[in-house]
Structure formats: structure tokens, C-alpha cells
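J.: Dropping the structure in here first, questions after.
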Amino acid sequence: MMKSPAELISAGLSYFGFDGLSEEHDAHNHTSSHSHTHGHLDTTITATQEGIRAVKWSFLILLITAGLQFGIVLYSGSIALASDMIHNIADATTAFPLWVAFRLARLKPNARFHYGFGRVEDLAGVVIVLIILLSASLAAYEAIWRLVHPRILSHLGWIVVAGMAGFLGNEMVAIFRIRIGRKIKSAALIADGFHARTDAITSLAVVGGAIGVWMGFPLADPIVGFLISIAIFGIVWQSAMAVFRRMLDGSEPAIQDEVSHAAAHVQGIFSLKGIRARWVGHRICLEVDAIVDGSSSVSDANKCATALEEEIREHLPATLFVHVRICPDQE
């Protein structure tokens, strides 16, 4: 069935991560039976192991892709391909801050860092944004220079091959990073995944530039290189918004909905007076004010708080800690 223009636009935005999917979380499955098992594997170790695996494979794929493109850039002189290669190298270097962040995230909280080292992951996201910004600026400079000082290209067939290799390599990295990033709730890894996806499309633009030169329009190559840099600036903005939202303690409304639903399963809790959530890396920290019967004993109120914490962890497996404050209904 043919899709409407609105559906096609929505699908395109989703493909590049502009529909909020980069902040999605796993909703609790409410159709299943509600029996609970409260023995939890250390999700920090599991998540960071998967994150490190994604970083290693991404680095290897992008390094091979950039190496292939580098050789062809030397022979052909294509500025569009050079822009794509520069960005692939920059994308590969983002593996280092991510690797450091995931390694540090495995360290336990201590007397100085009570919440652990999850924020290092957000700092890695900032470094990634700066690397992308630098590569976009360099690509734009090279494109403008070539527009002012044109050069005849050679080996157009190899430029096409390199462009297709760039597309395949970046799309593989994008799928890998986005899937694992969403699984472990890592904004930095998701942002890097959509960044790689944009790189995949810009690699196809390199192919278009080579075809334009072959058809007798020599300025097609630097023009495509400049358009690639504009696309990279767009992904800088998108990635920066996702990362800085986390750093400013922004959270998704759906998280509060899940906490409210968890409270509905706890007998003795009338309602929730307040819910505060923040991300620390790919883990959630929650503070919840729960209203109970004012005549409840301290023991009963404590049981309600414990039950609520367990329910929240079932609904939101990425939870790092929950602080429950019990409020009497007369308050």
C-alpha cells in the first residue's frame, strides 16, 4: 500500500532519529502475568560490556572504511570523498571516549562519588559532539577551498566504489550502535549511531558528486562536499540536544508514567505526590513521594516503600536507585 507524504516524512525523520526514538525506554509488558523475581543481575556490568563490544566493532569497521577511502582520495583528488573520509576518521575516534566512559561506568560508587561514574558517559557524549563539529568545520573548509581552486578529478569509478563502501560501513555501524544504545539506554551511543547513519547517506552523496563530474559538471564534487558538511552540522545539533538534555537532568514523561503504573500495583499506596527522575549515564535515579494511610505503622509504611521500589525496578530495569519518601494522607 502506498504511503502518504506525511508517513514518508515521518519514516525519514525516524530513520535519522529526529522523532524522539533516541530517548525511548523499554515499557513494562502489562499483558504478561505479574509474578516478580527480584534477584537482579548487575545491569551496569552487562550494559557496559555490550557498550564496549559495540564500540570495538564500530571502530574496526570505520577504520577499514576510512583506510579504503584514504587510498582512493590520494589517487582521485575528490574533495567530496575527502570530506566523507575525514568524517569517518572522526567517527572512528569517538570510540575512545565511549570506551573510557563504559570502562569507568563499571566502577562502584565510593566515598567521593556516591552515584558512581555514570556521568562520564554524558561527558563522553560532549566530546563526541565536539569531534563531529570539528570534522564538519574541516569538511566545509576543504569544500570551499576546492570551489575557489577547482581541480580535475580522475578515477571516477574508484570514487563510486569508495562511496558505496562508505555507505555500507557506516550503515552497519549505525544499526549496531543504535540497537545496543537503545538496549542499554546510552544517549551517547545512540547519538553516535544516528551520526553514523547520516554518514552513510553522505557517502551516497559522494557517488552523486562523481556522477555529476562524469556528466561534465566538475563543480559537482566540491558542492557535494559542502552539502555533506551541512548535513554533519545538522547531526551535531541533533546529537548535542540529546546529550545536553541528559546532562541537564532532562527525562522522558514516559518514565513518570511507568513509576505511576508501578505504584498502582502496591497495596497501601494511595497516590504519588511527586516523581523526580534523572539519568546518570544509561541508568535512572528516582525520587518518589508516596502517600499512604496516616494511621499506618512505621513497619507497614516501610513495607510499602520496599514494595514500591521493587515494582519500579520491574517496570524500569535501567533503574540505578530509588529513594521513596512516605507521606501520610493527612499531610
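Including glycine, each Cβ sits where the backbone N, Cα and C put it.
Any TrEMBL annotation is an automated prediction that lacks curation.
Below are the features I grabbed from TrEMBL:
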- 57-246: domain 'Cation efflux protein transmembrane' (DOMAIN)
- 59-79: transmembrane segment (TRANSMEM)
- 85-102: transmembrane segment (TRANSMEM)
- 123-144: transmembrane segment (TRANSMEM)
- 156-178: transmembrane segment (TRANSMEM)
- 199-217: transmembrane segment (TRANSMEM)
- 223-244: transmembrane segment (TRANSMEM)
- 255-324: domain 'Cation efflux protein cytoplasmic' (DOMAIN)
J.: Which residues of the same chain, at least 6 past either end of the transmembrane segment (85-102), have a Cβ under 8 Å from a Cβ in it?
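T.: Residues 48, 51-52, 55-56, 58-59, 62-63, 65-66, 69-70, 73, 120-121, 123-124, 127-128, 131-132, 134-136, 138-139, 142, 166, 169-170, 173, 188-189, 192, 195-196, 199, 202, 228, 232, 281 contact the transmembrane segment (85-102) from elsewhere in the chain.
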J.: Quick check on the domain 'Cation efflux protein cytoplasmic' (255-324): DSSP residue counts for helix, strand, coil, in that order please.
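T.: Reading the DSSP string over the domain 'Cation efflux protein cytoplasmic' (255-324) gives 28 helix, 28 strand, 14 coil.
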J.: Can you see whether the transmembrane segment (156-178) and the transmembrane segment (59-79) are touching - at least 3 CB pairs under 8 angstroms, only pairs 6 or more apart in sequence?
T.: yes
J.: In the same chain, which residue numbers or ranges, 6 or more beyond the ends of the transmembrane segment (199-217), come under 8 angstroms Cβ to Cβ?
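T.: For the transmembrane segment (199-217), the sequence-distant neighbours (Cβ-Cβ under 8 Å, at least 6 residues beyond its ends) are 78, 80-81, 83-84, 87-88, 91, 153, 156, 159-160, 162-171, 174, 223-225, 227-228, 231-232.
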